[in-house]
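Copied over from TrEMBL, here are the features:
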- 142-185: domain 'PAS' (DOMAIN)
- 264-284: region 'Disordered' (REGION)
- 410-751: domain 'PDEase' (DOMAIN)
- 486, 487, 488, 489, 490, 527, 657, 709: AMP binding site (BINDING)
- 486: active site, proton donor (ACT_SITE)
- 490, 526, 527, 657: Zn(2+) 1 binding site (BINDING)
- 527: Zn(2+) 2 binding site (BINDING)
């Protein structure tokens with residue numbers, strides 16, 4: 001808000017008025033000192049412009065002083081408008097203006113643009129700085145009421161602030177500490193000298209340090225504290241302050257007494273507040289009885305405290321204890337009698353265990369690859385949650401007919417050219433694009449009939465081949481052929497990869513027939529009705545689906561929900577209609593779980609769980625057993641644990657979903673071009689709609705596809721397929737992956753814009 005103080009309207013006051021209008025600022029005009037002060041005390045404007053050109057109407061400096069004398073003006077910027085000086089006049093000093101309370105001087109200029117520029121500069125400079133200063137009061141209020149002891153020192157370790165919790169813990173008054181160097185305070189005899197050197201080494205490098213150490217209270221008692229010291233980087237990238245957070249470790253007798261003292265003081269404060277609140281409640285509602293007033297008046301504090309302690313004891317003795325809680329409790333117990341160095345290391349372990357993203361690696365900030373960063377941001381987050389007026393809604397594709405090619409009545413009625421291609425469908429090098437071409441972009445129905453027939457899906461579901469055929473037609477019709485990547489060809493490719501994996505001996509031996517059926521159905525439906533846009537895009541655009549699924553696994557939830565809705569809608573297509581309730585529920589849950597596993601935000605969680613629960617135990621069993629039947633024993637053990645079967649199914653569909661880098665080079669190149677085109681189209685649309693661009697490197701004018709493929713393989717593919725290969729034994733895939741990676745690396749080194757090397761283009 002802006003306040004203009006001009007005795008009379010003229011070109012200069014009009015210039016500032018229209019400048020405020022252009023900038024979108026609320027503007028008030030005052031003509032007299034009295035009305036100016038009254039208006040300011042009512043509105044608390046951030047910027048005040050005072051006419052200092054003529055003292056005939058009022059004294060501008062007196063007005064400025066009277067405003068500065070008020071409390072709200074502490075964070076206000078005051079501008080003086082001064083007359084122009086002629087070329088032969090000497091420039092006047094700004095000191096009188098500064099002494100009167102002005103912040104800036106503006107030489108008379110009635111141009112709206114000049115006034116606008118001045119106001120904009122003030123907003124982006126002084127006003128924003130004042131906003132930060134205004135927030136400091138709230139920050140210090142929070143610090144004063146924080147239960148953790150907080151100490152702020154300068155870069156030279158001179159104490160500049162301590163909060164009340166620190167005073168209570170250390171037994172000092174604030175006045176005894178402010179301005180003192182830390183070296184002036186008494187040291188605990190239990191503190192190791194080398195620990196101080198370790199701490200200083202960390203914090204002087206700008207690194208955070210945390211751990212446990214002994215310190216001395218004013219009374220001379222040694223107490224043990226959990227301490228976290230954080231350097232604060234200021235102007236010029238230099239360390240300007242150190243912030244220390246401290247809390248007691250209640251292990252020795254002194255600490256326990258001090259903890260009890262803290263608890264009593266805290267409790268006393270709560271109790272007095274409770275009594276005060278009860279009294280107010282009684283006065284407001286004389287005819288009613290207030291529960292808090294009964295609690296505070298009819299029972300003494302110790303009994304209430306006893307009840308509170310007993311409640312906490314019951315909570316700690318509950319049997320519904322999560323595994324992670326047990327781990328944390330074991331570590332806490334181990335800390336009690338551990339050396340300081342071990343206790344510090346365990347503190348760090350506990351901090352990591354208490355985070356929510358246990359399985360997500362953290363990218364570095366300095367040498368971070370923008371391609372990797374964008375892929376992670378685009379695939380592993382649900383967008384920036386920015387509110388937008390733009391809504392992305394895509395139409396349902398339920399009755400699309402991709403071509404006039406007739407669908408076979410049975411698998412034996414397939415046209416010869418298609419049947420000949422499908423003879424090779426059990427090979428990993430099967431060319432899905434050739435099938436796409438000969439089926440006029442309807443590969444899913446034909447491949448589905450062949451694969452489902454091979455695995456006996458109709459027999460398991462107790463449905464006719466006609467029902468299965470109608471269902472495959474329905475699902476394929478709901479894939480968007482206009483998408484360059486997420487279309488029915490991708491679904492057919494994932495189905496093919498899933499069937500290939502199910503044929504591997506160890507996978508086959510680890511899963512039941514129901515698991516195989518669930519996996520093939522999940523692969524078929526896993527991207528149905530995909531709009532060709534990522535979850536991040538839908539969340540940022542405020543799409544109907546993002547709202548429906550609360551910005552969480554939006555597309556994956558939609559794929560499964562729509563697939564089951566379509567299936568149940570028409571009896572002719574309902575492949576589940578003859579299953580009994582229990583079989584259907586088990587199958588449905590397995591399908592949903594597998595499709596949701598393709599959502600990338602939990603990628604590393606799934607991979608790490610597979611490695612820790614499947615790979616490592618299996619490796620240890622294989623090394624300890626040299627008998628020929630050891631592999632059978634491993635798979636038998638997996639079958640005994642349904643959770644392990646779930647991890648295998650998740651890993652299988654995840655690998656099938658992103659197996660493009662493990663395909664033969666020509667197929668890999670085609671898929672890379674298709675996914676890049678889809679991301680380019682999303683970036684184009686984000687720019688058109690004014691949405692956040694979630695993957696900026698996927699700009700069709702500047703993107704390096706080889707770099708994006710290298711980043712994707714490095715960050716997502718290599719570790720996952722190493723783990724899957726260790727279980728399923730896939731030498732052909734791993735050889736393709738190595739060859740394809742070498743191809744992308746060569747293109748990147750040559751800075752080729754093409755997806756093929758010049759020699760490959762000639763061929």
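Sequential numbering from 1, following the chain as shown.
Including glycine, each Cβ sits where the backbone N, Cα and C put it.
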Completion exercise
Rounded to a whole number of Å, the separation of the Cα atoms of residue 657 (AMP binding site) and residue 526 (Zn(2+) 1 binding site) comes to 9
Completion exercise
Other than 490, 526, 527, 657, the chain contributes near Zn(2+) 1 (Cβ within 8 Å of their centroid) the residues 486, 491, 494, 523, 530, 598
Handout entry: Recorded AMP site residues 486, 487, 488, 489, 490, 527, 657, 709, farthest C-alpha pair in Å
Key = 22
Handout entry: Residue pair residue 488 (AMP binding site), residue 526 (Zn(2+) 1 binding site) - Cα distance, angstrom, rounded
Key = 10
Fill in the blank from the handout: Using DSSP three-state counts, the residues of the domain 'PAS' (142-185) come to 17 helix, 12 strand, 15 coil
Fill in the blank from the handout: residue 487 (AMP binding site) to residue 526 (Zn(2+) 1 binding site), Cα to Cα, whole Å, comes out at 11
Problem - For residue 526 (Zn(2+) 1 binding site): intrachain residues, at least 6 apart, with Cβ closer than 8 Å - result: 491, 494, 556, 559, 594, 595, 598, 653, 657
Exercise for the section: Determine the most Cβ-crowded residue among the binding-site residues 487, 488, using a 10 Å radius around each Cβ and all protein chains in the structure. Expected result: 488
